[in-house]
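Please read the structure below before turning to the comments.
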Amino acid sequence: MVAFGKKLKQRQIEEWQGYYINYKLMKKKVKQYVHQIEVGTQDRRHVLKDFSRMLDSQIEKIVLFLLEQQGLLASRIAKLGEKHDALQNRPEISQISELREAYRDVGRDLLKLLFFVEINAIGLRKILKKFDKRFGYRFTDYYVKTRANHPYSQLQQVFKHVGIGAVVGAVSRNLHELQDRQGSYLSIYDQPSLPLQDPVIDSIKAAVDRLTHSTNFLNFMAQHALIMQEELPTPVGEQVDDQRYHFMSLILNLANTFLYMVNTYIIVPTADDYSLSLGAAATVCGVVIGSMAVAQVFSSVYFSAWSNKSYFKPLIFSSIVLLVGNTMYALAYDLNSIWVLLAGRLFCGLGSARAVNRRYISDCVPLKIRMQASAGFVSASALGMACGPALAGLLQTNFKIYKLTFNQDTLPGWVMAVAWLIYLIWLWISFREPSHETEENQIPQESNAERMENDSLEEGLKQPLLISSEDKQEDEDGDQDYDESEEAVEESRRPATSIGSAYRLLTPSVKVQLLIYFMLKYAMEILLSESSVVTTYYFGWSTSKVAIFLACIGLTVLPVNIVVGSYISNMFEDRQILLASEIMVFVGIVLSFHIIVPYSVLQYVCSGLIMFVSAEVLEGVNLSLLSRVMSSRLSRGTYNGGLLSTEAGTLARVIADGTITLAGYLGESRLLNITLLPSLLICIASIVATCFTYNSLY
């Protein structure tokens, strides 16, 4: 990745160059401090004092210029206000148009100022993180806490953009009044429900949202989806081409996500009964459920590669394969063949287009709504996960048409086949393939690991100055000098070309995050896939009761993410939430063991909820951290960070489902404890790895 200093220089507004943060100077000072301490010519106390003074000076320079520019904008608005007042009595169309354009010019200059603030905020955050990493302790905490809450804080001027709100309000109000509304001058205060249709105001609102962090929950959900985003904001005139965006295509993309998750979990309540009806053991349900994940290990790779060239064709292929797979799953009953059943589920896995779903959002959705689209991806997945078992619980009937049997075992296959057929027709009629620029003509996106897999969103400053994940691999971006060769720059931009090369780019902290992801997916799959067998054996539950239990568990996903994204993540650091969630998953697993006789419904339900909810919290925080610590080279190409995390989660599901089937040979009475034991061991390993990794970093 190109050094931030060089990137900063390229993005600076020419006439304001002398007022930006001097990132190059401060980076050199950090190197000097390290050298001075190593040779013993300087002590840490003096270094902290000198660096604090330098930061204060840089921030003061930024703030004074910011106030000066706000004053100039306010002066221009005041003069335009006089002209506006003069037009109240004798409005002339030409003068109104001229005045409206003048206000737009002020709005464009305001956007430049917001862009100026964003770049400086990113620069300050980066240099603080670099200082922390070089010296091994949390200077950032000290600096931000002592400056941000002081009554004379200049840091607040940068990060809370004091005074800009008044300028935004003045421009918005006057442009609203100058709109052509059949001669009526309506105020934004009179009709607040009417949106102001002006692209300048839309851009200003998006920029202000980025600075105020008003999208905390959406940001959390988007990172849960692991979708990538460019760190440096784009100034006026460099906006992403919105021609690639098509609303109905986005809806179809999210519908594909929803239907696939329904397809994954709709068979869980009845897979054991279906296996028994075909002459296999009930625990073969693990192989039946897991065969879809086995195929997904391979489909994720070729769909990720296919999405480099097209979105429409892989979605069509996915729909056809899923239609065939579900039909085979339904026909297995009348054919009395467990192999047809397994082949049908394998076909369903081969149709997993989640890599395309994420890539479409990352590449084709405008930055101003990409965060919402990414949150929609997570929501669609969660809703599908809850609807699948619930739908299975409703399909409790038994009848025949000719030689085809329709019962609780086959209806999930028939219903999903019809759903994919309808979706295929809708897709063929409504989807619009966006234009694909060739790789040679594209300017490589400079992305850091704050924008990963869904493989996101509002450009610019996604994170506050004080970030809890300091071990993000960004020093390959910060340690390069201005005079580095173009060959070295190109080399550092190249995406990974294979799974092996992608793995070699992983830092120890990223490997720990992937281990945590593997652990939580394994534990969740064990809980969900064996629920029908376990509850039937211990409690005699019917298919409807199992479906209700699974649906209720699935419905906790969105409320949990709302609470974590909106409240908990603002109260605690991510690494603290991470460790606490791992411990709670451990508690849930321990409570699930059948040690106390008799094994009660209360014990099973409560322990399952603790495990599942904790795993959901852990997944969101883990992916949020993963999106920040992964190398930028893994943000592009076929073998990206999103693919790695997907493969880790899919492998966990495959191994978990295989464990259920293997444990079944020892008898259903031992199934619960034997399958929980690997979950417990992996959970302990992830907790130890987390403690060791973060203790070494902090």
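Placed from the backbone N, Cα and C atoms, the Cβ positions cover glycine too.
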Response to the item:
Range annotated transmembrane segment in TrEMBL (choices 377-399, 515-537) is 377-399
Response to the item:
Per TrEMBL, the transmembrane segment among 338-356, 604-622 spans residues 338-356
Worksheet item: Where among 280-303, 411-429, 546-565, 671-695 do we find the most Cβ pairs under 8 Å to the transmembrane segment (250-268)?
Response: 411-429
